[in-house]
Amino acid sequence: MGLPKRLVSAALIAFVGLSGTVHAEQVTLKFANWATAEGATRDGMEQVISAFEAENPDIKIESESIAFAEMARQLVLRLRSGNPPDVAQVAGNDTFALSSTGGLEPLQGYADKAFLDTLKPGAYEPLMVGEDLIAFPWNQAPAGLWYNKKLMEDAGLDPEDPPETIDELNEAMAAIREANPEVIVLGIDTTNRAFALQANWPWIRAFGADPVAAGGAESEEMQAYLGWLRDISEKGYIDPGRKIGEFRPLFAQDQVAFLWDQVLVQGVIQSTNGMSAEEFNAHYGVVPMPAGPGGKGYSFEGGHQLVMFRDSQHKEAAWKFMKYLATNEAAVKTYTIETNRSIPPAKSVGDPAVAELLDTPVIEAFSNDIIPTISPMPFGPEFAEYATVIMAGVQEAVTSDRPVADIASDIQNQIGN
Amino acid sequence: MPAHSKQASSRRAGGKAPFLHWMVLPTLLVLLAIIGYPVVSTVYLSFFEYNLLDFTPPEYLGLDNFAQMASDRIFWISLKNTLYYTGGTVLVSMLIGTAVALLLENLKGPVWTAVRALVVSPWAVPFVVVAFLFRFMYMQNGGIVNDILLDLGVIGNPVSWLNRADISLGAIIVANIWATTPFFFLLVSSALSGIPDAVLESARVDRAGLWSTIFHIKLPFLRNPLVVGSLLMVISNFNDFAKVWVMTQGGPGYATTTLVVYVYRMAFERFEIGYASALGLIWLLLLLLVSVFYIRLLWNRQND
Amino acid sequence: MARIRISNVEKDYGNLTVLKDCNIDIAHGEFVVLVGPSGSGKTTLLRMIAGLETISRGDMMFDDLWVNNVDVGDRNIAMVFQNYGLYPHMTVYDNMAFGLRRRRLSKAEIDGKVRRIATLLSLDGLLGRRPRQLSGGQRQRVALGRAIIRDPEVFLLDEPLSNLDAQLRVQMRSEIMNVHRSVDATAVYVTHDQVEAMTMGDRIAVMNQGRIQQIGTPEDLYDRPRNLFVATFIGTPSMGILRCDVDHGGSGLVVRNTGEAIALSREQLDRIGGRREVLAGIRPEHLHLPRRDAQSILKGEVELVEMLGSEQYLYLGNGAATFTARMERGHRFSPGETVELEIDTEALHLFDIDTEEAL
């Protein structure tokens, strides 16, 4: 070979050799998430990732931005083709659908009993499948009944005494409608999506119904639930077909009286109308769901979890990252609380700055009163179909005159349990 | 001498042609890969029980998927919805488009040019935008459709257009008609301008009135373009996913679930790839049938 | 039958006036031909008679009825278009029946009429066919049939034979003439072919550049053309035109460039008046081989010899002009040869050099 060629090959070898050494030290984790895909959460998420990388120079995080609606699909397809990420952000039914593929790494080996005891009661238990902890709770975002104190006052109701039973709720709604014909009295998601079933499941349970249990869909309790929906729809209290997110700006402008929504509402409202925390607490409040005929109210976990994939080549590093995201107090402050407006799973925090952030009436209500009422959900491969069928029945109850018994019977036939 | 040179030239021409055939090969290969492979794969998968979430090997079912389809209530509902959606859209768009084209045919001047541009403009709107547009227009509270109808006194209370099982299909069909009519308007307008003047003038000499001229003289000229145009629209509406999905996601219940939406949900929400492939196969066969019917219609006319 | 009177009719397209000063009086049952080159306005005039074009200025009368604003369908005319204008999706039968059906005649009446006309034009076997299945000549006849069946007062034909081959054209010409005789209607016929005009027309209107140049019988136009255009347009081969200076002293003309002398009669000189130069026109039949004592000799170089069987035409040039001579076939001429020919000066046509009008 001539001299130039020799120089080139020498350079190539040196380069490969160098990168080889770099490779031996550094681990790259692929983190599939929608946090970096959405404008509201992107900056916070990236900040936390950078902070983690700074503390762990041997781990590099490759963030894969995937839209929320696409996440399950993408993960299943990638599992199929053999190149799943190391860690993924998941929520709702997707967590359990993924688990059923057998592609997730059980986490109880990494999160020992002592560690799990540092979490709030009810934080990780719903994520157990048999003996396996299939996912780790990251952001908790249960739903509660938000109320607008001003609108309540205008209707002659006591803003410090929100409804505690559904009957009281009905009365309050009637008062508000009479005082103010223009507002949406109760903001609730009645769309066709799987999320809508999650959101409405607590209400169904509050009436004592279980449509996926044997014969449960045509039970009296289910009919009572559907009948209640029809009633409030006929009275014009609700706005069918709107997605939950579409109520929030209206809530910020005093156009919704009661809103069944998650803990993030406070953040959204404050950024919409620029209120300070004091102003917010003076104007709005949140309580657990009013008790149904069965005597109890429920909630659902609308937050996000983290999962690790069996195929990951860097499980130790992956766990390190997951633990950091969920429990590192700086990460919790930046992302979980300030960016995502949710609640960390930890029972208590050491950093006083963080503790202060968690010491608000709203978060107290959620942590202490609401999280314990989270109801289990019929997650699984059938969930999407349940959602279609049940929400179709809900929509029919809410928009037509068809006898509730018939609607319930239809649901029963289609679910076939 | 002349015979000899004729042979020579045809030999030369024959020599050229095979080379041209080879030139098409790369395109054919690409098409085979992009279209052929998925089709073959779909046909193959349709005989299996194959759920993406299930990592056990797919189970051979023979024709069971198709038997299940025959008794699958939702399949028949989706088929019916697809027929209504496609047929309703194409028929009404064709009627309105033709009528408007006939109306505006001979009107000249800048005002009418602007009117024509307006009639054509929905075609320029991306279909996803159309879907969102109508979704907002149809909202029960705050949607402009309800506002106008309430003001005009046509309805007493706001109507939930997209959430009622009885009218949601009609509502999305209306949206689709709005988006499809410009196509037929353009098609018919250009066909009308292609009618020889002498034919129209003969009709005038023959004292044919407005309706006679339209019915006996103009419509026969529109037959072939309308056949081709409606075939195109039938196929594209058969496959229309975006509009339905954005407006109703196939709901409420299954009221607006067309075959496409059903296949999508089956494949990508339930991950039942096997059954979805079987549905897809039936869908493909239906479209092929439609195409064959149309092509025969065209062919016969040409050989007439 | 109707009498058509066209008075001072003019047509504008935007700012452009395409027809100026048209005056024709067409009698009942007359066959009038509008002839002229492309763009002369003949088709426009025909379409104005039909009512397919509006009249910008002037009056159009059918039998003392002012019809300027009368709609096409109400003028009781029938039109045969250059491209026939047959309804392509209907059978021959329906093409002919269409107009009658519009007028709500009974089925039996319509059937009778269609079959009668079909027989008249030898279309019997073709009644079930569609236009695309017919030959050019057959389509032409269907178009004629469609016109005849309307029983109109006026037939308008717009170059109906220009799409046919020569032999068919001749045949159809006589068919049209026969039909005209048998139906006894007024007819206006447009063509660019002056031979067609000369053979078919009772009277001919020669048009050029939007004006009617001259109206007259074929003989009128041939023997007494009113201007240079008509003179050179009518007659095949066309009249030869020579630029000449007037030799007042010598009582004749001197051909430019060649200096040849042409003797003129007193009457001709009177017509010339004081002009210094004129254009002289010579028809081919007015040139022949010189006799004894021939005066007025024209010399020319043979450019082309056209042998027509019974006679021959010599196409000659003299450096400044070209002209044609009709010769008997006896003599043999060859291109390049210089020939001397005598002019029948009495038959000479004279034109003013500026206005091009006949003197």
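We count from 1, first residue shown onward.
Glycine is treated like the rest: Cβ placed from N, Cα and C.
Note that this is a predicted model, so its numbers are computed, not measured.
According to TrEMBL, the transmembrane segment annotation covers B:20-47 (among others).
Summarising the annotation, TrEMBL assigns domain 'ABC transmembrane type-1' to B:79-294.
Within the chain carrying the transmembrane segment (B:83-104), a Cβ under 8 angstroms from the stretch's Cβ atoms is held by residues 112, 115-116, 119, 169, 172-173, 176-177, 180-189, 192, 214, 218, 222, 226, 229-230, 233-234, 237-238, 240, 244, 256, 258, all 6 or more beyond its ends. Here TrEMBL flags B:83-104 (among others) as transmembrane segment.
Look at TrEMBL and you will find B:116-138 (among others) tagged as transmembrane segment.
Panel annotation: around the transmembrane segment (B:167-200), residues 81, 84-85, 88-90, 92-94, 96-98, 100-102, 104-105, 116, 119-123, 125, 127, 130-131, 133-134, 138, 159, 161, 213, 217-218, 221-222, 225-226, 229, 233, 237, 240, 243-244, 247-248, 251-252, 255-256 of the same chain, lying at least six beyond its termini, place a Cβ under 8 Å from a Cβ of the stretch. According to TrEMBL, the feature transmembrane segment maps to B:167-200 (among others).
Residues or ranges marked as transmembrane segment in TrEMBL: B:244-264 (among others).
A Cβ distance under 8 Å defines the sequence-distant neighbours of the transmembrane segment (B:276-299), meaning residues of its chain 6+ beyond its ends; these are 39, 41-48, 50, 65-66, 68-69, 75, 224, 227-228, 231, 234-235, 238, 259-260, 262-263, 266-267. Per TrEMBL, transmembrane segment is recorded for B:276-299 (among others).
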Margin query: Checking distant contacts: for the transmembrane segment (B:116-138), what same-chain residues at least six beyond its ends satisfy Cβ-Cβ under 8 A?
Written below: 100, 104, 144-146, 161-162, 171-172, 174-175, 178-179, 181-183, 185-186, 189, 240, 242-243, 245-247
